[in-house]
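Please read the structure below before turning to the comments.
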Amino acid sequence: MAEAPAVPMGGAGLRERKIQASRTQEPSPPPDSLMSKMRTDESSKIESENKTFGRTPDGTVFTVPHTRDMVSQLLSPSEPKNLSDILVLTILALHILLLRSLPASIRIPVFAVIFLSWRAAYNIGIGWLLHMQSNHRTLVLWARKLRLFVDPATGQNPHPLLYRFIKRELETKIPEHYTFESAPIEYNTWLVFRRVVDLILMCDFTSYCLFAVACGSRPIGEGLFVMMLRWLAGTSLVLFNLWVKLDAHRVVKDFAWYWGDFFYLIDQDLTFDGVFEMAPHPMYSVGYAGYYGISLMAASYKVLFISILAHAAQFAFLVLVENPHIEKTYNAPPPRKRVVDHDTALHEDVGSRSNSFNSDTTPPLPVPSTTQPRSTHALVGSMDVHRVTDVSVLLIHLLFFALTIITPSTPAYQFFFVLNAAVWRIWYSAGIGYILDRQSTRKSWTRHFVKFGEGQDEAWRQWKGIYHLSMTTCYASFIAAAWKMYTLPQDWGYGLAILRHVLGASLIALQIWTSMSIYESLGEFGWFFGDFFYDESPKLTYSGIYRFLNNPERVLGLAGVWGAVLITNSRAMIFLALLSHTLSIAFIQLVERPHMQKLYGRSLRRDAGLVKSIKRSLPNSLKQFQGSVDKILDESIEFVEEVIDTARPKLAAGVNTFVKDTTALLHKYPARITITRLEPDLAGYEMKDYSLTVEGTQLAQFDKSTDATNNKSRNSRRSEDLVLEYGAPIKVKWTAPLNHSKKDWIGLYMVTHNSSREITKVSSQGRWIATNEGAFDSLTSEVGLKSSDVIIKYTGNDNDKTREVASGEIIFSGEKLWWNQGVFEFRYHHNGKHNVMAISRPFEIRIAKFDENEIPLDNYAVVRPAIEGALLPIIQNCLDRDPDIAPQNAEEAFGSQVDRDSKYTKRVVFAVQHMFGIEFAPEVVSADGNVRNLAWRICNAKKVLAPYSMSRASGATTPVQED
């Protein structure tokens with residue numbers, strides 16, 4: 001179910017359009033007729049306002065009829081039934097009959113296979129169809145290609161019986177505001193797709209329930225109270241699941257329930273309340289609580305494990321299918337900023353003060369920054385052995401791992417590991433909390449670095465390293481302690497051993513997901529408490545997991561700690577879990593909360609979405625009781641804070657005295673894939689009529705070399721060689737016989753990839769374009785197709801008589817290129833197979849090296865414009881020459897899509913490395929934001945790396961020791 005709201009697209013203007021009154025004076029109607037007309041007009045107005053308007057990708061606007069939900073259509077006696085309903089109900093009945101007829105010994109494996117098959121049809125089958133529809137509009141192309149919805153009266157529908165069957169099926173289900181013939185093809189395709197979804201979803205749920213029935217039993221020795229408790233909990237989860245589904249359908253209707261936005265959009269805002277304020281993606285998260293309720297009632301680990309597998313498959317469906325479509329459809333990149341980054345002015349100012357990169361030039365003082373720093377080398381989620389923080393973390397973790405594995409699990413070592421974990425937890429919460437509190441009130445951390453001539457950015461970098469090291473070591477020590485306290489169960493079938501491990505692993509997975517969601521919402525800046533260090537204008541937003549919870553780390557962020565308690569079943573781990581939870585809550589209340597109140601004030605939200613949903617469902621008496629409890633808790637917290645504030649000066653004085661005394665005493669004493677499909681019969685196709693001609697932007701200059709032999713050989717070949725710019729679009733003109741197959745296609749390959757000139761044995765990896773429109777079930781195969789089957793006069797290369805052939809033009813650009821240097825060729829293939837009919841002349845794609853011979857690298861004012869001039873065209877190529885992304889000059893900022901898709905920055909750093917011999921991380925390109933900043937960075941890198949440069953340009957090179 002696509003859960004993102006549709007973007008309004010001018011529907012209000014369409015609904016509110018007024019028709020101009022006639023100039024002719026009409027006679028006044030009688031009063032009764034006038035009142036009747038007014039009531040009719042009012043009714044029509046209300047009806048019009050209640051209508052929903054849809055919009056297809058080509059801009060067609062239509063009225064979206066009202067449809068009923070799946071269960072009502074199938075099971076309600078009042079709803080009209082058609083043949084597809086009878087088919088679905090028959091298949092469901094066959095499932096039930098199969099359960100009753102099978103022997104008890106094979107019921108469980110048979111229904112496990114049946115359920116997993118239907119689940120695969122759901123997550124893999126429907127997922128593939130939706131993926132293809134989202135990216136290539138495949139389902140609509142199939143319908144158009146088969147002419148399913150073309151009226152047979154026109155004589156163009158080859159399937160008139162199927163047309164009448166589909167028409168009868170759909171019009172039976174939608175009796176009002178729907179006409180099969182006039183509905184857009186996208187809407188009709190969606191309705192047919194719905195019927196397939198109904199079959200799969202109903203069979204999926206039915207087979208799951210029947211599998212649970214087959215596995216259901218009462219555990220041996222289970223008491224009546226435990227059984228009643230198990231059934232009560234299971235029934236509650238199933239009822240909760242039912243409420244989630246009903247409330248979700250109330251909010252999103254059939255449009256999102258059946259993934260309607262993969263086919264068309266609706267012109268209205270969808271409001272998300274109820275269950276959508278409770279949890280992210282409720283249909284796929286809390287919406288599967290019923291699976292675990294049924295597992296409880298069945299008292300079967302088989303049902304539990306297959307439920308976990310199905311739930312995991314559903315999350316994979318969400319991540320791989322729905323989320324990319326939602327991101328593409330509703331989260332379009334913002335327009336490009338036309339204002340040059342303020343850092344550019346700073347760079348220019350530095351350049352104007354000093355026109356040369358002299359080594360004795362005094363570096364400018366760091367400029368204090370009050371805005372949020374932009375991360376170019378994220379600390380979380382990346383390991384770089386060139387950073388002292390990462391090396392320190394790696395070495396400490398290796399030490400913990402070695403000590404944990406080598407040492408025995410005796411009581412003494414267990415005590416040591418638990419004590420070590422407790423100390424690290426105290427430091428992580430209390431020690432880090434103290435540093436942040438001092439930073440919030442006095443800027444103590446920043447003042448320390450300013451004292452020694454460093455800037456705020458250096459203080460921020462060092463703080464991130466300290467926090468990252470403390471956090472990772474805290475959890476590493478906890479894992480080591482859990483390992484020492486854990487013992488394998490002697491009998492997995494005894495007691496709740498399996499259940500403890502399953503629940504524990506689930507809680508650990510929940511904490512990992514929560515941490516990832518928090519980092520995704522806060523980013524690097526928020527993860528490391530950046531608002532304690534940078535005083536930017538307070539702007540508080542609640543997105544991601546914070547839409548549902550104010551402090552997710554308070555409960556969900558420590559779920560894995562309690563998961564370890566369940567798995568180890570150890571009192572020592574209970575102590576560590578209680579200590580961790582207590583210190584984390586204290587950190588939130590005593591450090592984070594006061595700083596947030598000081599920084600954001602009244603803009604802080606009191607209740608999160610989950611709390612609001614729960615409060616709305618409470619009766620008035622409980623609401624009043626809850627308000628009283630909140631008041632008591634707030635007053636208690638304020639009292640504790642007052643006590644701490646009062647005692648703080650005395651404690652500080654005592655600590656200072658202790659530090660002074662201790663200091664006095666001490667003074668004394670960190671592949672290739674081979675895919676070949678061949679056409680068996682090529683008779684009737686004139687091979688000499690096939691040809692390929694390559695055109696493109698030729699490289700303006702060749703690499704210079706002092707090697708005279710190489711220069712001579714290059715100059716002799718320049719008239720023959722075709723050398724094209726890196727990333728520039730390549731035009732291919734083709735010819736073929738008039739009877740050539742409409743499924744011919746042209747692919748781009750490296751010359752060295754195919755040894756045969758008759759057969760292509762290597763996959764094009766998506767770098768191919770069809771010669772004719774509509775021949776393949778993919779729109780991406782037509783991206784770059786400019787013309788086809790244009791009849792021209794053709795002589796060929798053998799001076800034969802002139803003959804007529806079909807011709808066309810295609811352009812390879814963007815993802816159709818290899819984005820690499822080398823020698824390439826185009827291959828013309830026959831009838832969707834891999835028979836080669838023609839091969840283009842080989843051509844080379846090369847990145848011209850920056851010429852340093854004639855440019856004085858010591859003069860910044862000269863070298864920077866030269867670098868900008870060399871960078872601009874190749875960066876425009878790397879950004880697909882898209883006017884919304886690629887800059888038109890050195891000062892213009894890159895489009896926001898560069899930050900969202902790493903492929904652009906990877907292309908740029910590849911080009912920079914081969915042009916200038918300097919390797920940058922892709923994040924550097926995003927951080928610089930325009931050509932001028934990147935050129936400034938290259939200039940500095942050239943200066944820093946000059947003693948190690950291997951170029952033959954004038955200037956400093958690597959010193960060579962003379963004998």
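Backbone N, Cα and C atoms are what each Cβ position is placed from, and that goes for glycine too.
Just so it is clear, the model here is predicted, and its values are computed rather than measured.
Topology check against Swiss-Prot: G221 and R438 carry distinct topological domain names and occupy opposite sides of the membrane.
Of the two recorded stretches, the transmembrane segment (278-298) does not lie close to the transmembrane segment (110-130), with fewer than three CB pairs under 8 Å once pairs fewer than 6 apart in sequence are set aside. On the 0 to 100 pLDDT scale, the model's mean across the topological domain 'Lumenal' (245-277) is 82. Within its own chain, the transmembrane segment (196-216) is flanked in space by residues 70, 73-74, 84, 87-88, 91-92, 95-96, 99, 107-108, 111-112, 114-115, 118-119, 121-122, 125-126, 258, 291, 294-295, 297-300, 302-303, 306-307, 310, which lie at least six positions past its ends and keep a Cβ under 8 Å from the stretch. Sequence-distant contacts of the transmembrane segment (301-321) (same chain, at least 6 residues past either end, Cβ-Cβ under 8 Å): 108, 112, 115-116, 119, 122-123, 126-127, 130-131, 134, 208, 211-212, 215-216, 281, 284, 288, 291-292, 294-295, 498-499, 502, 506. The DSSP breakdown of the topological domain 'Cytoplasmic' (488-491), given as helix, strand and coil counts, is 0 helix, 0 strand, 4 coil. Across the range of the topological domain 'Cytoplasmic' (217-223), the DSSP-based residue counts are 0 helix, 0 strand, 7 coil.
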